[in-house]
Amino acid sequence: MWPALLATFLLLSHFSAGSRIPESHLHKRSLQTRNLVTDGSIKESYDFVIVGGGLAGLVLASRLSEDSNTTVLVLEAGLSGDEVATQINEPANTYYNSVVGTEYDWSYTTAKQSGLGDRTTSWPRGKVLGGSSAINGMYLTRPSEIEVNAWQSIASDGGNTANSWGWDAFYAAMKKTETFDAPSDDIAKEAGIQYDKSSHGTQGPIHWGYPGYTFPIVGSWTESLANIGIGTNDDAAGGQNWGGYIAGSSINTANWTRSYSRSGYIDPLPPRSNLDILPSATVTKIVFDTSNASNLTATEVQYASSAQDQAKSVKVKKEVLLAGGTIGSAQVLMISGVGPQDILQSAGVTVLNSLPGVGQHLQDHLSTGLVYETPESTSTAGAMRAAGGDFVNSALFLSYINSATAYVNLTGLLGPDGASSVISAAKQARDASVKNIPSQDSGVLDGYKAIYDVTTDKFFSSEVGQIELLLSITGGGIMIQAAIQHPLSQGHIYITSPSMFDKPVIDPGYLTHDVDVTIMREGLKMARRLGQAAPISGFLGKETSPGDGVNSDDEWNTWLRGAVGTEYHPTGSCAMLPKAQGGVVNAKLQVYGLANVRVADASVYPFEFSSHLGAPTYALAEQAAALIRAHYNGVEETSISSSSNSSGSSGSNSSNGSNRSSSDATRRASSQLLYCLIAFIASLVAL
């Protein structure tokens, strides 16, 4: 027996980075045998009850349970994901074999959008451990220093200076979350990948990597952008994120799998008796002690596996932490009696805390693209997939995901005169645009104006990107996409019944502001100019959508209203703003009027970033955990930014990710050795 086991171990130790170790060794066992629990085995009470086991929720669970005397329960509405591990783990399955549209997706749909010709649009969100980090497109980009500092400024209220959300602290937190896996020299050269290692972490739970396979068209991206006046960015992670580059992706290059909140923050943990994670548990209500009407205390959380099942409850000793995302967190608050009074009363919910901002300030990135035929001479992932063959089932091929990116500011998009004209028009329309806001609460309207002013004064007038351009080569054609980054349009989320099993109404108010239409249109025009520029033009066939019948501004406006949809980055529904501006949480993430409830997910951003939201939300959750631990350890917030680097990879004694003494080769070798050891131990268990 032992010689055979030793031979197995030695064989595994020689696996290349492009090989795949069986998922039963990498994914399924670790969580199921350690922290995953059934309903009958949870404790009567916990220090912290986390509502939502998604991207942020699992970060919180991992970090808070590092304190062995702190008990943590995660209630996740979705399943564990073990049954669809291959679909989740293999990066390219985000295109070819996605769980979107299945029981692992909330499958939300918006209300009819007047700005889109009364169309509804789909809003996929992950309903599985890991949340949307388990089903998304895996882009890792970061917001700019300008945006993060603007967030700190707008979130500050009197003596509350929001120290955790300034650039220095947040930059350190973003680095803390990641392990940077540099691309191979060949991949970097062919794809035109540039980076600065000093802007990245080295020992965090989430891997920032690049595919193990690429295509010549990707390498034409930044040169083509330069030929239309958009410069190349060789350090997009360092605070100046504008320009063209090949973005990082949440890929673990040791085994070419998706790196997400479950695989990074939970699966590697040693056994923790103080951490329980319960899937298939939809939170139905937070129960409050109302003896102090101005500062309610959460005493228990109710949950059920379906609308037909009787709700069960678990007691809360310290805090309830909402991490249900932009939709879920706002819905839980409203169902529990916290939110706009008129909405709660209409839904049949008793109002316990009238908080007008809950569900308001809803924003989203809006996107569509130009589609081109793929010539026979052009190699793309989509064309190779269609042709078939053994290689398209290999780990290397399945590691390829789209990542060519550019963020373009107003001046780059419109020229100096055009940018000045749009900024002037936006400022003049500010007061009139208030009529488009669904809430007419004076505080919510003041918050809208504050966000509006930040957008026009700090974002429109700076180098911050207003349009994102993306290259997609994984479908039947080639697409150059454009996505608006700082919409002036806002909407809201609201409930219509007291049941969490009834989906809320989602109304993002797409394109209800004329300036958004202008920026979106000009972004698409730029996408067309890019498609006509060398050298990328040599890889493209005929433009099939919208085609040569769309040229004038009116034609573009009509077409885009029928074509745009979500870029999957909703935010703002539990905005971090002063209460007087329709805020829901303060800078410590505490819900106004509640003694022991916080929100820690993407819903708290008061405005959109010029970034995909994965990387910043990992950092937000890290900072949230630091704030909470500091509170119970008697540490002031001002100390958090300096101490946020003291803890490294979850479940280890690693540092904050600023140690650059280890080479990429050493890190990858260590990772592969770890997986081999896991496989070896699993073989022993199987015997």
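Every residue, even glycine, has its Cβ placed from backbone N, Cα and C.
Because the structure is a prediction, the values reported are computed rather than measured.
The signal peptide annotation in TrEMBL covers 1-18.
Here TrEMBL flags 46-366 as domain 'Glucose-methanol-choline oxidoreductase N-terminal'.
Note on VAL283 (FAD binding site): other Cβ atoms within 10 Å of its Cβ, all shown chains, come to 27. What TrEMBL records for VAL128, VAL283 is FAD binding site.
Under the heading domain 'Glucose-methanol-choline oxidoreductase C-terminal', TrEMBL lists 487-621.
Cβ neighbours of HIS569 (active site, proton donor) (same chain, under 8 Å, six or more residues apart in sequence): ASP364, HIS365, ALA602, GLU608, HIS612, LEU613. Taken from TrEMBL, the feature active site, proton donor applies to HIS569.
Taken from TrEMBL, the feature active site, proton acceptor applies to HIS612. The secondary structure of HIS612 (active site, proton acceptor), as reduced to three states from DSSP, is coil rather than helix or strand.
Taken from TrEMBL, the feature region 'Disordered' applies to 639-664.
Under DSSP, residues within the domain 'Glucose-methanol-choline oxidoreductase C-terminal' (487-621) fall into helix, strand and coil as 47 helix, 21 strand, 67 coil.
Sequence-distant neighbours of VAL128 (FAD binding site): residues of the same chain at least 6 apart with a C-beta under 8 Å from its C-beta are GLU76, GLY78, LEU79, SER80, GLY81, VAL84, ILE88, VAL99, TYR104, ALA134, ILE135.
When pLDDT is averaged over the domain 'Glucose-methanol-choline oxidoreductase C-terminal' (487-621), the result is 99.
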